[in-house]
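Colleague: Can you keep this structure in mind? I'll have questions shortly.
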There are 2 protein chains.
Amino acid sequence: MTQPMPAVALVPVVCVVDDDQAVREALASLFRSVGLAVATFGSAADFLARENAAAPGCLVLDVRLPGVSGLDFQSQLAAMENSLPIVFMTGHGDIPMSVRAMKAGALDFLAKPFRDQDMLDAVAAAIERDAASRRETHALSAVRTAYASLTPREREVMRHVTAGLMNKQVGALLGLSEITVKIHRGNVMRKMGVRSLADLVRHAEALGDHTSV
Amino acid sequence: MTQPMPAVALVPVVCVVDDDQAVREALASLFRSVGLAVATFGSAADFLARENAAAPGCLVLDVRLPGVSGLDFQSQLAAMENSLPIVFMTGHGDIPMSVRAMKAGALDFLAKPFRDQDMLDAVAAAIERDAASRRETHALSAVRTAYASLTPREREVMRHVTAGLMNKQVGALLGLSEITVKIHRGNVMRKMGVRSLADLVRHAEALGDHTSV
DNA sequence: GTCCAAATCATCCTTAGGTATGGGCCCCCA
DNA sequence: TGGGGGCCCATACCTAAGGATGATTTGGAC
């Protein structure tokens with residue numbers, strides 16, 4: 001369906017999942033009319049089996065799907081840490097359904113028939129959110145990689161240093177001399193790629209928000 | 001600083017706003033049956049004029065209200081920075097209405113008739129969110145107060161110091177001698193109530209997340 | 001005019017942090 | 001049986017940071 005083009009990997013793709021081919025084609029035409037790349041799928045399984053699964057963009061999902069429901073599929077995607085923003089659409093939805101989807105993190109929930117512009121607005125917002133999410137994830141991944149290169153001892157020292165303790169206090173806590181703490185601390189600064197304690201604290205906070213909590 | 005507040009101020013209150021007195025009484029009875037404090041209002045204006053407006057809790061709001069709609073009222077509350085979580089209910093709602101409410105931050109949106117337990121669950125979740133929000137706000141208010149006591153110069157120094165610059169670099173940027181920067185820096189540490197640069201950086205981050213963005 | 005807070009700078013001293021050099025111990029793996 | 005990595009410690013030296021004391025200038029409040 002899509003050509004293996006690595007260069008296109010950074011172009012946001014609107015993934016349309018609907019069992020009605022006419023709907024898929026209509027939506028694909030709509031999105032292409034505003035210059036968006038589109039990939040269409042007839043089922044959740046087809047979507048999961050797609051190539052270029054790491055591509056940015058968003059997911060336009062019919063609530064009623066063959067096999068698994070759109071809401072359950074949303075839960076599955078969340079469980080597998082797929083953070084692609086979802087725009088739901090439905091022809092026979094009700095309020096509890098839409099509320100459940102929104103509470104589960106859906107970006108929008110459109111009842112058919114919807115105006116084309118509403119769908120385009122929702123998709124544009126979803127793509128923007130995905131881009132922001134990816135920027136944040138990308139920035140964090142570098143910090144994670146650096147942190148992974150630390151030895152256990154260095155991580156202990158980093159934890160206490162970013163907590164505001166002095167080298168001598170860290171040494172007392174860990175049963176080390178202040179000199180050794182200094183060495184570990186220097187290694188931490190070098191491996192984490194920071195040149196100031198302020199930056200190290202910020203990196204530690206970014207890691208803590210996603211790992212230890 | 002403030003007058004001693006009555007102990008009831010810390011008990012979460014469920015504020016019910018509905019123009020139908022029968023609905024108000026039924027909901028009040030429901031909430032009281034599980035030990036919750038309740039206050040009922042026949043209109044948005046009545047709610048805004050309520051006493052003890054700073055009490056924690058949540059808001060149970062009918063979408064259809066006399067005068068202003070529940071959704072517009074939600075926007076008004078957000079504009080006046082009232083962060084009380086809102087549980088909507090409606091007898092004649094539709095999906096776009098519920099989606100708009102959820103996107104605007106509503107905690108839940110229940111279509112009448114709803115099960116009592118669903119309402120109780122929604123209110124319990126809303127109260128919990130409010131409590132968490134107030135804990136965070138309370139922790140931040142102390143930092144804000146401390147920051148407000150800084151002089152303009154001290155804030156500049158704090159900004160550069162938390163950015164990771166050395167005293168001499170700050171001095172060069174601000175056209176000051178390193179000695180002066182040290183004095184300002186010491187004042188910042190004292191006024192902000194921190195004893196380590198790490199804590200100062202964290203406080204600066206907490207402030208920045210809510211003030212500069 | 002006087003008082004005070006803010007802002008500025010200086011000297012002196014102490015502590016803390018950073019780096020370099022050198023060495024020792026232990027464990028795993030080629 | 002090496003070598004390497006992790007971990008530990010020491011001396012030495014330099015820079016950075018923090019605090020104390022003293023002082024000046026400026027601008028606004030009383």
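Don't overthink the numbers, they just go from 1 along the chain as shown.
Just so you know, glycine gets a Cβ as well, placed from its N, Cα and C.
Heads up, here are the entries from TrEMBL:
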DOMAIN    B:13-127  domain 'Response regulatory'
DOMAIN    B:143-208  domain 'HTH luxR-type'
MOD_RES   B:D62  4-aspartylphosphate
Colleague: Using DSSP with the three-state reduction, classify the residue listed as '4-aspartylphosphate' as helix, strand or coil.
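Modeller: Looking at the DSSP assignment, the residue listed as '4-aspartylphosphate' belongs to a strand.
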Colleague: Report the mean pLDDT of the predicted model across the domain 'Response regulatory' (B:13-127), rounded to a whole number.
Modeller: 95
Colleague: 10 Å Cβ neighbour count around the residue listed as '4-aspartylphosphate'?
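Modeller: Excluding its own Cβ, the number within 10 Å is 24.
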Colleague: Looking only at the domain 'Response regulatory' (B:13-127), what are its DSSP counts of helix, strand and coil residues?
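Modeller: DSSP composition of the domain 'Response regulatory' (B:13-127): 49 helix, 25 strand, 41 coil.
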